[in-house]
Amino acid sequence: MKKSAFVTREQAEEITKAYPTPFHIYDERGIRENARRLKKAFSWNQGYKEFFAVKAAPNPFLMGILKEEGCGCDCSSYTELMLSDAAGVQGENIMFSSNETPAEEYALAAALGATINLDDITHIDFLEQTLGSLPKTLSCRFNPGGYFAMGTEIMDNPGDAKYGFTREQMFEGFRILKAKGVENFGIHAFLASNTVSNEYYPTLARQLFELAVELQRDTGAHVAFINLSGGIGIPYKPDQEANDIQVIGEGVRKVYEELLVPAGMGDVAIYTELGRFMTGPYGHLITKVIHEKHTHKEYLGVDACAVNLMRPAMYGAYHHITVLGKEEEACDHQYDVVGSLCENNDKFAIDRMLPKTEIGDYLAIHDTGAHGFSMGYNYNGKLRSAELLLREDGSVELIRRAETPRDYFATFDGFEVYDRLFPGERREAERENQG
Ligand SMILES: *Cc1c(COP(=O)(O)O)cnc(C)c1O
């Protein structure tokens, strides 16, 4: 499938008058339409709910859009909980799926009324000590170990993953929790990542539904929901076929009717915690070509770098690139598209075939709407970019400003040259000290 950008060269030129490159831009229409398709695909299930995995795109404006489409938030840290609260998503609309969780994070989750998803059996005591008593609803994360396979194909390696309870611990944990007064139980598992296959959820659902039936039968615990978590992937490469969420929803329904309904468990709610699938394709990193270098290879130097999008450097991940305004030109030139970090892996693309590209051209790097901006960092003193929202009416809104050097220096409390670097500005801390 041909991948096309949701921004044109003309739009990029207009936007950069107000907001210079690099920036991430998100497509509100795409996000909303996709969220509606997901909701429809699982509408057969009474209690269905998607909890957007905040780590994929931790921006309260985007979380607010998803909230309007009926989504809650899946959080796993203190500030993600705060973000969710700030976006108006509270109470049972928050799923707290954390691991190695600090006490203060459990305390905030409980204070916000979030549903807590325990990652380990030892956290039962830890949570009870932290909160004084256990909530009436709790979920446990399951890790079956071994390999996760679909047919003969190995998809991922849960046996190597730090997350979750073993099968035996699930039974023991449910018994303990039930004895301690927990009334509603959830089962959660995340066994494979970025699956571009309509079979992942139905295969996972079969494992979890079978487990749920046994757990309810053997422990007497009431299973209220089963959380299929994240892992539905997106086609980063043009030759990949996208998942069909309608087919996925129907696949889960079939297993539900085969396993849960006959066991008298037709009231179990299905939850998802998708991140990548919700926002991934609806974000671009827009960057400008500022240099051409001809040495042992042909390089395009751009004004973004790996701090703005880490996936290519970290995983060797493919991100499609469109040279805006040259969509119809032949891709007959081979380039490495590189940023300015003093790190040789700072390459958005290696040996990529693109149209002949010049200094001043805008590149749209695709599929940066999830695990893009959010994985950003400040290596080499580089700053985080702005995030923009392309509204459904075509207008563009700044939903996070770009960092400035002042932000970078803001945490060096007591550093004397601050006043010299940013004349006229004094830090909060100094003002308070001088009261
Ligand atoms: C990362 C994560 C998700 C979202 O994963 P995607 O691959 O982005 O769908 C959901 N749940 C938990 C617990 C996660 O850690």
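Glycine is no exception: its Cβ is also placed from the backbone N, Cα and C atoms.
According to TrEMBL, the features are:
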type	residues	note
DOMAIN	31-279	domain 'Orn/DAP/Arg decarboxylase 2 N-terminal'
MOD_RES	Lys55	N6-(pyridoxal phosphate)lysine
ACT_SITE	Cys342	active site, proton donor
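Classification of Lys55 (N6-(pyridoxal phosphate)lysine) by DSSP places it within a helix. In the three-state DSSP classification, the residue listed as 'active site, proton donor' falls within coil. Between the C-alpha atoms of Lys55 (N6-(pyridoxal phosphate)lysine) and the residue listed as 'active site, proton donor', the distance comes to 27 Å. In the predicted structure, the domain 'Orn/DAP/Arg decarboxylase 2 N-terminal' (31-279) carries a mean pLDDT of 97.
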